[in-house]
Amino acid sequence: MPIPTPHGGKLRDLVIRDAPLKQQLLQEAKTLPALTLTARQLCDLELILNGGFSPLTGFLNQEDYNSVVNDLRLSSVKNESNGKGLLWPIPITLDVDETTSKKHSVGDRIVLIDLRDETPLAILTIESIYKPDKKLEAEKVFRGDSEHPANKYLLETAGDYYIGGELQGINYPKHYDYVDARKTPTELRQEFEKLGWAQENIVAFQTRNPMHRAHRELTIRAAQDIGDKAHILIHPVVGLTKPGDIDHHTRVKVYKQILTKFPDGLATLSLLPLAMRMGGDREALWHALIRTNYGVDHFIVGRDHAGPGKNSQGVDFYGPYDAQELLAKYDDELNIKIVPFRMVTYLPDEDRYAPIDTIDVKKVRTANISGTELRNKLKTGDEIPSWFSYPEVVKILRETNPPRSKQGFAILIDNSHKLGDYLSFALQSTLNQFSGERRITKLNAHQANDSFIVGELVKAGSGVIVPTTNPTPIVNVVGNGNSLVVNQKNNNNQASGNADGEFNLSNDDLVAVVDEIVNYLKDQGFY
């Protein structure tokens with residue numbers, strides 16, 4: 001099957017290649033009001049500029065926004081086969097605060113700036129400035145629950161006004177990591193031609209997690225189900241994913257390693273700079289359209305695709321097959337075929353994986369390790385069996401997810417009274433007597449104000465003693481499991497409400513508190 005036509009019929013690569021025109025835009029950019037992009041906006045801009053979001057040529061104006069929210073369609077681009085607006089399920093918007101919105105008018109041109117290095121990336125010509133109904137957007141697009149990560153971002157972080165308009169691209173956002181693997185839609189289509197895959201089927205596998213043996217098995221089976229000459233694109237997200245996910249550096253190292261475990265010529269890897277919304281069925285449709293633009297004709301969609309877990313009622317935000325059902329509804333408008341994700345399980349007696357729907361689990365012994373179990377094994381240093389993951393992959397995961405005995409921690413001590421200082425010295429002396437490589441560092445009050453620095457020290461494996469009257473920001477950075485909070489007794493202002501370990505301190509129990517903290521650290525596996 002030939003490489004599919006991009007969504008909307010044309011790949012929209014918006015970065016100006018003409019040198020004189022680019023120089024003209026750079027000069028103009030120096031005279032224009034500047035808007036520094038957020039991390040999410042930066043991801044969105046990159047995929048607008050490189051064509052990953054084709055047919056979009058800018059951030060949505062008000063008419064397109066309303067149509068996408070209510071009908072999953074653009075109003076400005078029509079589907080030639082049915083005359084309806086072209087499918088587009090996720091609103092791609094440039095949010096700003098009210099003050100910024102009042103500085104601009106329709107017809108103005110503004111330059112969009114990279115937050116990391118202040119590089120001018122694009123010039124936007126404003127078509128509309130509007131205040132969206134955020135509650136309606138939350139309800140229609142992400143089902144309304146306040147605990148949905150996209151709704152939390154929408155209602156608590158995003159600006160209250162949107163600016164829509166066409167873009168002229170000056171530069172792509174600059175990346176310094178895994179540059180060869182960050183292929184644009186144009187580059188990936190060219191690679192498929194070079195590999196000789198252009199007339200053959202290609203199935204894309206989306207992931208935001210590390211890959212293990214089961215993932216290799218299911219992707220190979222998906223390719224085999226499509227046909228003898230099908231190939232695999234491992235296309236992980238390295239933009240913004242779900243809070244708490246394993247960092248993309250660790251994951252990319254895993255993907256590169258597992259790629260070597262596929263038969264020669266079967267699979268390739270490319271990284272997608274997408275800011276996920278964890279939008280379930282709508283997001284699955286969005287992912288499929290994006291893969292069409294990247295030149296893929298098949299896409300694996302699994303149970304609860306792009307779902308963020310449980311809602312505020314303790315129930316999954318999305319049904320297990322909502323994504324597959326929505327994609328089936330619009331099948332005749334897609335240039336990509338959906339491959340249902342087939343769960344596989346390990347058969348210990350036969351030393352092989354098999355689709356779970358092909359075996360009788362009452363008669364055949366199976367084995368599996370859940371994500372929670374894997375995290376616990378990494379935390380405790382317990383063995384991760386080779387049937388589950390390759391030793392090379394486990395080694396990578398252990399390097400960035402060491403067992404508790406090698407992890408750092410922060411002890412946050414209320415320093416509103418001298419007793420906090422006494423405890424800091426006592427703890428540093430006590431903990432330094434234990435064997436091991438962990439350093440015990442005591443910060444001063446000025447250093448303690450920088451929660452980022454504390455977080456980096458903990459990541460590096462240090463035990464950090466922090467004098468502070470406001471532990472919450474540090475707990476949020478370090479994480480509950482690696483934080484201890486010591487309050488002055490009867491001081492109600494100190495409780496963070498977040499840390500796993502909280503201790504009270506009074507004049508007569510300094511030694512007792514030291515013993516409590518040491519025992520807690522031992523119970524948690526730090527010693």
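Each Cβ is built from the backbone N, Cα and C atoms, and glycine gets one as well.
For the recorded site, Thr207 (active site), the DSSP three-state label reads coil. The feature active site is assigned by Swiss-Prot to Thr207 (among others), with sequence analysis given as support.
In sequence order, Pro236, Val237, Thr241, Lys242, Asp245, Arg251, Met276 are the residues of the chain that are 6 or more apart from Arg208 (active site) and have a CB within less than 8 Å of its CB. Residues or ranges marked as active site in Swiss-Prot (evidence: sequence analysis): Arg208 (among others).
The active site annotation in Swiss-Prot covers Asn209 (among others). Packing around Asn209 (active site) is summarised by its Cβ count: 16 other Cβ atoms lie within 10 angstroms of its Cβ, all protein chains included.
Summed and averaged per residue, pLDDT over the region 'Catalytic' (177-406) gives 94. The region 'Catalytic' annotation in Swiss-Prot covers 177-406.
Applying an 8 A CB threshold to same-chain residues 6+ apart, the list for His212 (site 'Transition state stabilizer') reads Ile258, Phe388, Ser389, Tyr390, Val393. Under DSSP, His212 (site 'Transition state stabilizer') is assigned to coil, being neither helix nor strand in the three-state scheme. As annotated by Swiss-Prot, site 'Transition state stabilizer' applies to His212 (among others).
Positions annotated as site 'Transition state stabilizer' by Swiss-Prot, on the basis of sequence analysis: His215 (among others). Sequence-distant neighbours of His215 (site 'Transition state stabilizer'): residues of the same chain at least 6 apart with a C-beta under 8 Å from its C-beta are Phe205, Thr207, Ile258.
In sequence order, Leu218, Ile300, Val301, Gly302, Arg303, His305 are the residues of the chain that are 6 or more apart from Phe341 (site 'Induces change in substrate recognition on ATP binding') and have a CB within less than 8 Å of its CB. The feature site 'Induces change in substrate recognition on ATP binding' is assigned by Swiss-Prot to Phe341, with sequence analysis given as support.
Packing around Thr207 (active site) is summarised by its Cβ count: 18 other Cβ atoms lie within 10 angstroms of its Cβ, all protein chains included.
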